[in-house]
Amino acid sequence: MTSVSPSPPASRSGSMCSDLPSSLQTEKLAHIIGLDADDEVLRRVTKQLSRSRRIACLTGAGISCNAGIPDFRSSDGLYDLVKKDCSQYWSIKSGREMFDISLFRDDFKISIFAKFMERLYSNVQLAKPTKTHKFIAHLKDRNKLLRCYTQNIDGLEESIGLTLSNRKLPLTSFSSHWKNLDVVQLHGDLKTLSCTKCFQTFPWSRYWSRCLRRGELPLCPDCEALINKRLNEGKRTLGSNVGILRPNIVLYGENHPSCEIITQGLNLDIIKGNPDFLIIMGTSLKVDGVKQLVKKLSKKIHDRGGLIILVNKTPIGESSWHGIIDYQIHSDCDNWVTFLESQIPDFFKTQDQIKKLRQLKREASDLRKQMKAQKDSIGTPPTTPLRTAQGIDIQGNNELNTKIKSLNTVKRKILSPENSSEEDEEENLDTRKRAKIRPTFGDNQAS
């Protein structure tokens, strides 16, 4: 693997471009500070992203901060908010204690947990998807998104048309069901409640929201119905305990209820998905399971010549990620997406726009061939590409010239002049090749 020496925590300069190897993969985690359009390394990383075909994403709470949802570990994150809220009742070492499965041993902690989760749920209900969420949806629209693995529990992706793994997947025909998933929720879904006994999930209701707001976890209606049915039939109640409803999220110290399914799906993505780029956004990668996910994807992507990048404002520990993550871009995720829009605008065209542009180019090519055939048939010399582009009418071909003018007008609306798409580069290359084999004239050279 060709290596690039990691830069110190300072911005790279364009003068490095002459020393850059052909491969952008690194043996040690390298840092890119800020979003400088003149940064040669950043420019090349961006270009490789635009050319990738199967992109995997891993997201954390950092991509939802601009939607008004706090992250976990920052100075104003969820852990600190919980710690401040609880300080008037008792002293806790970390807000993380309120997200540990052991809290269900203490009725008082359950009450605080219920109140806090209802506040977070209400906050999520008002939140709107960020630019980063929409970027992930755009990857799907371009048929470039392999899968998005998210640690977030807000489910904002669903509101922009992405399919979430918030329901249990059938074990039969697993691969076809997994293929239709856009987002895999690694830590559960705040928008549903689950029973602690029968594990049935339910959408929130106003009544249950009021219960949690009072610090109470409601009883499971399915468990109650089963017990009442057995009592009416004169049968034993099988332990009699009724489950309680809690937010359907994964707490520290408990396993994901769909852990085996997610592992099976990840292996399917690695073996058959052929990922060639991994974008990690808005996470400091502290959770062990997430670390393993990144390492597995990294090996496959590096074997295929791809890159792994992390976009996050907070630095991560370097030594544990050498040879796994190539670059950390120190930036807000939404700002990075805005930077991409300015650097690779064609990448952000919709699939429909691209199809229309290709169709117009094919039609224009067919019309040029028709014009050439008609001119050859009447013994006139072929018109140079420059004159055709200028729309110079030749007697008997007015109708064809009018069609070409119309096509060029529509094309300009779809593809703005300032954008330099790969398709334009190919077309310009073809034009230059044709020019090499044609005699040049003084007035054409002056043009």
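Heads up, the Cβ atoms here are built off N, Cα and C, so glycines get one too.
Note that this is a predicted model, so its numbers are computed, not measured.
Pulled from Swiss-Prot, these are the features on record:
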REGION    1-21  region 'Disordered'
DOMAIN    35-363  domain 'Deacetylase sirtuin-type'
BINDING   60-79, 151-154, 282-284, 312-314, Cys333  NAD(+) binding site
ACT_SITE  His187  active site, proton acceptor
BINDING   Cys195, Cys198, Cys220, Cys223  Zn(2+) binding site
REGION    365-393  region 'Disordered'
COMPBIAS  365-375  compositional bias 'Basic and acidic residues'
REGION    411-447  region 'Disordered'
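In sequence order, Cys195, Thr196, Lys197, Cys198, Gln200, Val242, Gly243, Ile244, Leu245 constitute the residues six or more apart from Cys220 (Zn(2+) binding site) in its chain with CB-CB distances below 8 Å. When the binding-site residues Gly60, Gly282, Lys313 are ranked by how far their Cα is from the Cα of Cys223 (Zn(2+) binding site), Gly60 comes first. Assigned with DSSP, the residues of the compositional bias 'Basic and acidic residues' (365-375) fall into helix, strand and coil as follows: 11 helix, 0 strand, 0 coil.
Cα spacing between Gln151 (NAD(+) binding site) and His187 (active site, proton acceptor): 5 Å, rounded to the nearest whole number. Summarising the environment of Lys313 (NAD(+) binding site), the number of other Cβ atoms within 10 Å of its Cβ, over all protein chains shown, is 16. Following the DSSP three-state reduction, the secondary structure of Cys195 (Zn(2+) binding site) is strand. This prediction places the mean pLDDT of the domain 'Deacetylase sirtuin-type' (35-363) at 89. Between the binding-site residues Cys195, Cys198, Cys195 has the most other Cβ atoms inside 10 Å of its own Cβ, all protein chains included. Neighbours of the Zn(2+) site: apart from Cys195, Cys198, Cys220, Cys223, residues of the same chain with C-beta atoms within 8 angstroms of the site's C-beta centroid are Thr196, Lys197, Phe199, Gln200, Leu219, Pro221, Asp222, Glu224, Val242, Gly243, Ile244, Leu245.
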